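Chemist: Sharing a structure, written as structure tokens. Questions coming.
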Amino acid sequence: MGIRKKTTNKNPPVLSHEFVIQNHADIVSCVAMVFLLGLMFEITSKFAVIFITVQYNVTISTNEGSEETAVNHFHHGIKDLATIFFYMLVAIIMHAIIQEYVLDKLNRKKHFSKTKHSKFNESGQLSAFYLFSFCWGTSILLSENFLSNPVALWEGYPHTLMPFQMKFYYICQLGYWLHALPELYFQKTKKEDIPRQLVYIFLYLVHIAGAYVLNLNRLGLVLLVLHYFVEFLFHVSRLVYFSNENRQMGFTVWAVLFVVGRLLTLSLSVLTVGFGLATSESQGFNWAAGNFNILFVRITVLAAICLTQAFMMWKFINFQLRRWREHSQAQTLKKKQVPAKSKSKKDKANGVNGVNSHGADSPKARKEKSS
């Protein structure tokens, strides 16, 4: 009778931490499916539609020539929290799809170390999100003519009504950055990396939600598109660097555009909040009308933007100084290694020549010995 091998059960216990982490995408998909199935029944459809569709629509009639057309606009409200929650679930599912079908396959081919593995996954996820958000935001800016008419950033404030694309853009942005919080658990983020990621997640949520609630959605959209383009260049440059460490030109381009982006952000913020809203006719605080154009709010908004830009510049300078130190140390090591190698080669060559000319096997040495 043969010896029976022990079989190890690789499947973790149900509802354990490992089980949730391994199957979190399937679990979240089932939760999202519950809301979608709720649309099929009349009793639950009124409840499910709050999570899936954009709420608070207002129909405005416009006269274009002889025809009267109805245009739907939207404002924000408390029900948006339910919609943001649903699209947070969608973001978790999309995160898992990109991770499994794109990033994991590339990781297996490249055989990265643990440190590079986590950074590669982070840059891969963020570069896909930044590219998508930049293209989507740019299309909204072009369709609403905000780039050709910068005065529209503050003219007619408060901008309580938004087109569908702009409101849906903000909901998806808030849903994505909220999904980054549970992803810290799902991706088994290292303890030393959690504070750094919590800081930038918090900054994104505060600034995006602030622009959305304070009806500064037009300024927020412009600043987001500008910021996402610069961040996209950084993470693409990091992905290229991981594939070939000699390719660092992308970091140089990013460094220049990073400084330009900070200057443009400060200039647009001061122009819109400091001058445009300060000279606007709609002064005063009115929560019902969505008007927050008072001195305290303007100073708070400008202070938050300026402090964030200063914090980013401080991190940027530290990053550049660290890169410069690493580069200088690498150059110093190379200079020390090259003379040592050349000296050893020279000594070796001298030793060989000495043996050939004065060694025991040379003709001259044999003649001296015989004499």
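Glycine is treated like the rest: Cβ placed from N, Cα and C.
Annotations per TrEMBL:
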COMPBIAS  333-346  compositional bias 'Basic residues'
COMPBIAS  361-371  compositional bias 'Basic and acidic residues'
DOMAIN    118-327  domain 'TLC'
REGION    330-371  region 'Disordered'
TRANSMEM  84-103  transmembrane segment
TRANSMEM  198-215  transmembrane segment
TRANSMEM  221-241  transmembrane segment
TRANSMEM  253-275  transmembrane segment
TRANSMEM  295-317  transmembrane segment
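Mind mapping these onto the model and telling me what they sit next to?
Modeler: Same-chain neighbours of the transmembrane segment (221-241): 119-120, 122-124, 126-127, 130-131, 133-134, 137-138, 140-141, 146-147, 153, 166, 169, 173, 208, 211, 247-248, 250-251, 253-254, 257-258, 261, 264-265, 268-269, counting only residues six or more beyond its ends whose CB sits under 8 Å from a CB of the stretch.
Cβ atoms under 8 Å from those of the transmembrane segment (253-275) belong to residues 150, 153-154, 216, 219, 222-223, 226-227, 229-230, 233-234, 237, 298, 301-302, 305-306, 309, 312-313, 316, 320 of the same chain, restricted to positions at least 6 beyond its ends.
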